[in-house]
């Protein structure tokens with residue numbers, strides 16, 4: 001009897017232990033099947049950002065200790081895109097190095113899915129589902145086994161890797177903190193449903209850079225539609241400054257589309273370098289502005305920072321979440337640092353006769369307290385008498401507070417008999433300029449009350465008016481505000 005009671009207690013304790021283990025989920029490795037994971041997770045080091053020194057292996061606890069994984073710091077997970085060579089591209093170590101320079105104590109993990117990424121594009125695109133699943137299982141393992149907070153996890157995916165990051169975020173048991181999509185791939189994803197591509201629901205915050213969205217939506221290298229909480233389109237999301245369009249077209253004509261990977265690389269990959277720029281040049285953040293269309297942005301109608309209408313590009317983006325996707329635009333330089341300074345210019349052209357000219361070339365020069373920027377070219381699609389025109393210009397240097405500007409109307413590159421018989425000229429009294437970066441507005445006056453602006457003639461000079469008008473009539477101000485808000489709203 002004593003033996004029987006003892007055996008009963010032992011059996012009862014065993015059952016109780018099993019129940020407790022099952023309820024607490026204390027053995028996640030028993031519940032997870034890591035055998036199907038083909039992606040590799042390389043924990044890069046600051047000393048060797050271009051080398052796969054140590055791999056973290058899901059299900060193997062000792063790999064975390066062997067690779068010196070920091071359990072108390074941020075973790076960046078970098079996911080590359082489609083590859084022709086089957087090798088890492090040169091941007092990978094550059095991004096790793098920049099992340100460590102900004103966050104020295106962090107963990108920077110590079111996801112290696114090169115074998116799957118080297119297939120024909122449609123095949124590799126389909127593999128993003130499996131890669132996303134691999135990454136999700138890896139993240140869940142870290143969270144469940146070590147109670148690693150997913151608030152410390154930031155996924156960064158380029159091209160196809162952006163969609164793999166989105167799928168991973170949708171599959172984790174708890175949401176990761178942030179996903180940054182670096183020009184997410186367009187083909188096969190432009191019209192895809194949210195579960196199989198990057199979407200705002202995949203993380204607490206999703207920000208996206210679109211740098212190569214040329215052509216029809218189904219043929220655009222980068223996805224055109226907004227897929228995050230904030231979607232930023234540098235230079236309209238089209239061809240990027242410094243990327244030689246003429247050379248690309250020449251190579252296409254000579255070699256066809258066999259080398260398309262190299263031809264589109266410059267603009268497509270610019271998304272990565274813009275993010276790297278935000279890591280390295282913390283003191284020179286690029287500013288983006290909310291706008292409905294790039295056409296409205298080109299007119300300078302969206303340089304407002306009211307109610308979160310402007311934001312930093314890249315790492316230090318302000319996390320603004322709205323009910324709808326927020327589209328933002330900005331201009332950049334051709335190389336690092338990419339920051340420029342945006343200005344809206346408004347001019348009213350007075351004329352005795354009703355004259356309209358199209359596609360007119362102009363030059364504007366700005367002079368300020370810190371520097372100057374001369375002969376900035378811009379083209380007005382239309383110039384008409386007795387009408388106000390607004391347009392966007394930008395400078396690559398910080399001019400400081402504006403003091404003076406010059407405006408010149410260039411001659412056409414072709415000869416026009418009408419210009420010879422009836423030379424065109426307008427009268428300008430004032431020029432209004434608004435800075436996007438400082439939000440300051442300045443009104444410039446002609447020294448003589450009004451200045452003649454003639455085609456091919458000398459530049460008209462305007463200086464800062466002695467008395468800056470506060471505002472127009474209240475009704476007019478409200479109307480102007482409503483018009484700008486219509487363009488800026490997302």
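Backbone N, Cα and C atoms are what each Cβ position is placed from, and that goes for glycine too.
The model shown is predicted, which means the values in this text are computed figures rather than measured ones.
As recorded in Swiss-Prot:
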| type | residues | note |
| --- | --- | --- |
| REGION | 32-53 | region 'Interaction with GPIHBP1' |
| CARBOHYD | 70 | N-linked glycosylation site |
| CARBOHYD | 354 | N-linked glycosylation site |
| CARBOHYD | 386 | N-linked glycosylation site |
| REGION | 417-421 | region 'Important for interaction with lipoprotein particles' |
| BINDING | 430, 431, 432, 433, 434, 435, 436, 437, 438, 439, 440, 441 | heparin binding site |
| REGION | 443-467 | region 'Interaction with GPIHBP1' |
| COMPBIAS | 480-490 | compositional bias 'Basic and acidic residues' |
Between residue 434 (heparin binding site) and residue 354 (N-linked glycosylation site), what is the CA-CA distance rounded to a whole number of Å?
28
So of all those recorded positions, 70, 386, 430, 440, which one's Cα sits nearest to residue 354 (N-linked glycosylation site)?
386
Using DSSP reduced to three states, classify residue 70 (N-linked glycosylation site) as helix, strand or coil.
coil
Any idea what the Cα distance is from residue 436 (heparin binding site) over to residue 386 (N-linked glycosylation site), rounded to a whole Å?
27
Can you tell me whether DSSP puts residue 432 (heparin binding site) in helix, strand or coil?
strand
Within-chain partners of the region 'Interaction with GPIHBP1' (443-467) [C-beta distance under 8 Å, separation at least 6 from its ends]:
349-350, 360, 363, 365, 402-412, 419, 423-433
Measure from the Cα of residue 70 (N-linked glycosylation site) to the Cα of every one of the recorded positions 386, 430, 432, 438, 440, then give the nearest.
438
Hey, what's the Cβ neighbour count for residue 432 (heparin binding site) at 10 Å?
17
Cα distance, residue 430 (heparin binding site) to residue 386 (N-linked glycosylation site), nearest Å?
13
Using DSSP, break the region 'Interaction with GPIHBP1' (443-467) down into helix, strand and coil residues and give each count.
0 helix, 14 strand, 11 coil
